[in-house]
Structures are given as C-alpha cells and as structure tokens.
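J.: I have a structure I would like to understand better, so I am pasting it below and will then ask my questions one at a time.
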Amino acid sequence: MWGVFLLYVSMKMGGTTGQNIDQPTEMTATEGAIVQINCTYQTSGFNGLFWYQQHAGEAPTFLSYNVLDGLEEKGRFSSFLSRSKGYSYLLLKELQMKDSASYLCA
C-alpha cells in the first residue's frame with residue numbers, strides 16, 4: 001500500500017457574524033482507508049457549512065454544502081452536520097492518492 005499525506009488547514013472566519021472555525025492541521029493515511037476530518041465552529045448566525053478540497057497551487061473545489069442536520073452522501077465523500085453541537089465532519093471512503101490535498105470547512 002502507498003501512503004497518502006493529507007493536509008488540513010486551520011481556518012477562522014471573522015466579520016460581522018463572529019464566526020470561528022477550527023480544524024486539525026495534518027493527518028496521514030493509506031490508500032483504501034476511510035478518513036474522517038472533523039470541523040467545529042461557533043457562529044452567531046448559521047447559513048450552512050461548506051466543505052472544499054484544495055490541491056497545492058490550485059483553487060479550492062466545492063465538495064458539499066450542509067444546511068440541515070444529518071449525513072449527506074456524494075460518491076466517496078460524505079458530510080455530516082450537527083448544528084446544535086457546532087460540529088461537522090467530512091468522510092472520505094476508499095482513499096486514493098488523488099485525495100492528497102487540503103480540506104477546508106467554511
């Protein structure tokens with residue numbers, strides 16, 4: 001099996017709505033594995049949570065948008081949202097080398 005390096009960046013969203021978003025900084029996994037990327041947030045006004053994938057030197061690519069609580073599945077990627085807990089996660093199944101990237105929640 002080949003190793004896959006996944007990089008997570010910490011993001012803090014500021015502005016009039018007072019949003020804060022925190023993610024882990026990095027993680028390693030192997031091809032074929034299942035990886036869960038957690039994201040916690042605090043906000044005074046919630047309009048939904050986005051997940052993006054960003055490869056080095058490229059613009060972010062949209063993966064999912066959650067407004068309602070629960071699990072949204074889209075191919076090998078699933079995203080979960082709990083508004084009451086200020087928590088979301090992105091689940092990557094059957095990990096592939098092309099999944100080596102930064103993952104952002106916003």
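Glycine too: its Cβ is placed from the backbone N, Cα and C atoms.
What Swiss-Prot shows for this protein is this:
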- Cys39-Cys105: disulfide bond (DISULFID)
- 19-106: domain 'Ig-like' (DOMAIN)
- Asn38: N-linked glycosylation site (CARBOHYD)
- 1-18: signal peptide (SIGNAL)
J.: Please compare the disulfide-bonded residues Cys39, Cys105 by how many other CB atoms fall within 10 Å of each one's CB, and tell me which has the fewest.
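T.: Lowest Cβ count within 10 Å among the disulfide-bonded residues (Cys39, Cys105) is Cys39.
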J.: Express the distance between the Cα positions of Cys105 (disulfide bond) and Asn38 (N-linked glycosylation site) as a whole number of Å.
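T.: With the alpha carbons as reference points, the distance is 9 Å.
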J.: Where does the mean pLDDT land for the domain 'Ig-like' (19-106)?
T.: 87
J.: Work out the three-state DSSP category of the residue listed as 'N-linked glycosylation site'.
T.: strand
J.: Measure the Cβ-based neighbour count of the residue listed as 'N-linked glycosylation site', defined as the other Cβ atoms within 10 Å of its Cβ.
T.: 14
J.: Please list, for the domain 'Ig-like' (19-106), how many residues fall into helix, strand and coil according to DSSP.
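T.: Its residues divide into 3 helix, 49 strand, 36 coil.
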